Amino acid sequence: MLDGRKVPAFGLGVYEMSGPQTRAAVAWALEAGYRHIDTAEWYENEAAVGDGVRDFLASSGVSRDDIFVTSKLMHNRGYDAALRDLRASLRRARLDYFDLYLLHAPSGGSAMRAELWRAMLDAKKAGLIKSAGVSNFSREATKHIEEIVARGDELPVVNQIDLHPFQRHLEYVESCRKHGILLEAWAPLARAMRFEHPVIETVAEKYSKTPAQIHLRWGLQHGFIVIPKSASRNRIIENSRVFDFELSADDMEQLDALDENLVTDWDITKLD
Ligand SMILES: NC(=O)c1ccc[n+]([C@@H]2O[C@H](COP(=O)([O-])OP(=O)(O)OC[C@H]3O[C@@H](n4cnc5c(N)ncnc54)[C@H](OP(=O)(O)O)[C@@H]3O)[C@@H](O)[C@H]2O)c1
């Protein structure tokens, strides 16, 4: 990442999971080799993420330093509130720090974004977070990113946006890449909405892989960090088996051509 730290390119997302589901899923994922968990204040399961991480640490002997936990700021209410909310998230998770903390959304206007970004960088200096990033930063030519660049501030290490073969956000990807900002793909499975698409089915059959694995491999080969969500132990394991094959350039091209601007959750092009 731009700040010299490393982020595992593959992780578990825990959106729309209850506390008990999250605790179990986090432990299963870590047992299956995942080392990166993506939560948020919004998901109301930061406490369960912390519990799942601790369950695994206790049973495995793996160290906290080897696990990468991300959370996100929910409310854009200003500098003091941001630091208060971050401390509350850490207390809920019973963690000393988050490896990555994101502004969940760019809402609130330019002055608010500048203030929140200052809070993020100060949180990093104070050791509450190791790395600072953003999510859903968008608008024409990523105006949201460009205003950070224009201020000369330290840049976010990642921008987490929806990315999958049916939603490529090419303009945002290119403008992040230009500045060395990594792309993190939310909804990397397109929420399982296109698993029966004929191209996905044909490519899956060719590599003897599942539609989910094809989506994830496509994201990884584009250099995205992918954080598929599953509450099922079998699917958590299935999703992690994406490092033993490579999609050919022709198949990547076929998958690239599926882009239809599919919106699976919120439409990030409409955020102010
Ligand atoms: N920054 C943001 O604004 C934002 C927005 C959305 C998401 N996110 C993050 O990104 C993560 C992933 O995105 P997402 O949860 O929206 O969607 P996703 O990972 O694309 O898809 C999750 C859906 O796919 C199903 N699924 C998972 N693996 C499967 C498999 N192998 N076969 C069949 N179905 C499978 C899951 O069901 P089961 O659970 O039943 O397996 C769930 O319904 C989130 O959990 C969250 O951490 C961030």
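Backbone N, Cα and C define each Cβ position, glycine as well.
Annotated features, as they stand in TrEMBL:
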DOMAIN    16-260  domain 'NADP-dependent oxidoreductase'
ACT_SITE  Tyr43  active site, proton donor
SITE      Lys72  site 'Lowers pKa of active site Tyr'
BINDING   His104  substrate binding site
For the recorded positions Lys72, His104, which Cβ has the most other Cβ atoms within 10 Å, all shown protein chains included? Lys72
Once the DSSP letters are reduced so that anything not helix or strand counts as coil, what is Lys72 (site 'Lowers pKa of active site Tyr')? strand
Tertiary neighbours of Tyr43 (active site, proton donor) (same chain, Cβ under 8 Å, six or more apart): Val14, Tyr15, Glu16, Met17, Thr22
Reported as an integer number of Å, what is the Cα distance between the residue listed as 'substrate binding site' and Lys72 (site 'Lowers pKa of active site Tyr')? 5
